[in-house]
Amino acid sequence: MEPTAALNESSAAVPWLPARAGNASLELASRPPAPTVINPWDVMLCVSGTAIACENAIVVAIICYSPTLRTPMFVLIGSLATADLLAGLGLILNFVFQYVIRSETVSLLTVGFLVASFAASVSSLLAITVDRYLSLYNALTYYSERTVLCIHTMLVCTWGVSLCLGLLPVLGWNCLHDRAACSVVRPLTKSNVTLLSASFFLIFIIMLHLYIEICKIVCRHAHQIALQQHFLTASHYVATKKGVSTLAIILGTFGASWLPFAIYCVVGDPDYPSVYTYATLLPATYNSMINPIIYAYRNQEIQRSMWVLFCGCFQSKVSFRSRSPSDV
């Protein structure tokens, strides 16, 4: 066997590491036992996963602990927190299975687990956006059984589709036996990551459209208030400006986190250095770290539940204002 071929064969199974100097795509497959140097990028992903898991575990605990947090809005926030919690645990497990427990089967399961978790996270963000739009567009009928049915339907679709996407590499849609079909994220194939990226682009476009419609509704409401009062008060102007700014921050954070990785998955080549994949994947994981801050910890009812959960009491002198899904 030629030295180059032997090098490629020995390094092709190393997870998250280049198969060779000129073929440096991110790889998640198992590898034979051999002493290796821990990749700093893998450490950063593991640290990111730990922070994600801790943040979202608190949100899940609060929502499960508080009987008052059972409205459609909090159900969707709980779905998002659960998905991000699983994604954080998946990043931790992936690190363990790379450097401690080396198994091709376990590695594929971890990849599928990560794909399903992040897909559920992105889909839950879309469901929350739809919920916010409905709370403004159908404000009079929002708190009805029809809305509850719609929310439950979205949850079933969100987790059902995410589970199917996660099972694809496990059921055979991988490049373990066809290195030429590998993408920048092994063992996912090029067609697999193209499907995932296309799904993300579709979700991002839908969210962008819905947030534009939400901004129109918010501005229209402010204009109607101004007509009724013959002028737009400073408080209404500030509230409208704050709402639009918050929407821009939400969508901007989501796009900045995921768009680079989604685009690179489409245009990237497995021969590119692995640092490109790491540099785009790491910010994508930060979205799951930011989500609980944007959607949960800013909510005053969750803040009140945190006070009760961690302090064991509630001081009535502390003022909390109940928020609705339309409070952006």
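Cβ from N, Cα, C; glycine included.
Automatic prediction, not curation, is the source of TrEMBL annotations.
Among the features that TrEMBL reports, transmembrane segment is placed at 41-66, 73-101, 107-128, 149-173, 193-212, 244-263, 275-297. Annotation comment: TrEMBL describes 55-295 as domain 'G-protein coupled receptors family 1 profile'.
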Dominant neighbour of the transmembrane segment (73-101) in 41-66, 193-212, 275-297, by Cβ pairs under 8 Å: 41-66
Arithmetic mean of per-residue pLDDT over the domain 'G-protein coupled receptors family 1 profile' (55-295): 86
